[in-house]
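Engineer: Quick one: the structure is below, questions incoming.
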Amino acid sequence: LRYTLEKLVNWKKVILFKKGTRDFPMCGFSNTVVQILKNLNVPFEDVNILENEMLRQGLKEYSNRPTFPQLYIGGEFFGGCDITLEAFQSGELQEVVERAICS
């Protein structure tokens, strides 16, 4: 499972594991991160963790974080809603995303 999760988080430069879909997030925190990424025009892949219990539990262990959403940039865990929101407001998120996309 760990190998599969490593491949998955490295699948795209920016990947968001969340509740629901990009167009229909199933929680406010997931919606917030989706809106931030859309606002920055970030190309991102999204995965609905509600569709796969093993994936959901595996990601909790992989990231050592019990909550969702979980944003990965360049194969590294970036944060959940609060961290992503703070980084967006400070301009850090855009810098991190640009570095990852350009690499």
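Glycine is no exception: its Cβ is also placed from the backbone N, Cα and C atoms.
Features from TrEMBL:
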| type | residues | note |
| --- | --- | --- |
| DOMAIN | 14-77 | domain 'Glutaredoxin' |
| BINDING | Lys19, Arg56, Phe68, Cys81, Asp82 | glutathione binding site |
| BINDING | Cys27 | [2Fe-2S] cluster binding site |
Engineer: I'd like the Cβ neighbour count for Arg56 (glutathione binding site), meaning other Cβ atoms within 10 Å of its Cβ, all protein chains included.
Structural biologist: 16
Engineer: Distance check, please: Cα of Phe68 (glutathione binding site) against Cα of Cys27 ([2Fe-2S] cluster binding site), rounded to an integer number of angstrom.
Structural biologist: 9
Engineer: Reported in the order helix, strand, coil, what are the DSSP residue counts of the domain 'Glutaredoxin' (14-77)?
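Structural biologist: Secondary-structure breakdown of the domain 'Glutaredoxin' (14-77): 26 helix, 17 strand, 21 coil.
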Engineer: Over the domain 'Glutaredoxin' (14-77), what does the predicted model average in pLDDT?
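Structural biologist: Residues in the domain 'Glutaredoxin' (14-77) carry a mean pLDDT of 96 in this prediction.
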Engineer: Do you know which of the binding-site residues Cys27, Cys81 has the most other C-beta atoms within 10 angstroms of its C-beta?
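Structural biologist: Going through Cys27, Cys81 one by one, the largest Cβ count within 10 Å is at Cys81.
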Engineer: Please find which two of Lys19, Arg56, Phe68, Cys81, Asp82 have the most distant C-alpha atoms, given that the record lists them as binding glutathione, and give only that distance in angstrom, rounded to a whole number.
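Structural biologist: It comes out at 19 Å between the most distant Cα atoms.
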Engineer: For the binding-site residues Lys19, Phe68, Asp82, work out the Cβ neighbour count at 10 Å and name the residue with the minimum.
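Structural biologist: Lowest Cβ count within 10 Å among the binding-site residues (Lys19, Phe68, Asp82) is Asp82.
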Engineer: Quick check for the class: what is the C-alpha distance, in angstrom and rounded, between Asp82 (glutathione binding site) and the residue listed as '[2Fe-2S] cluster binding site'?
Structural biologist: 14
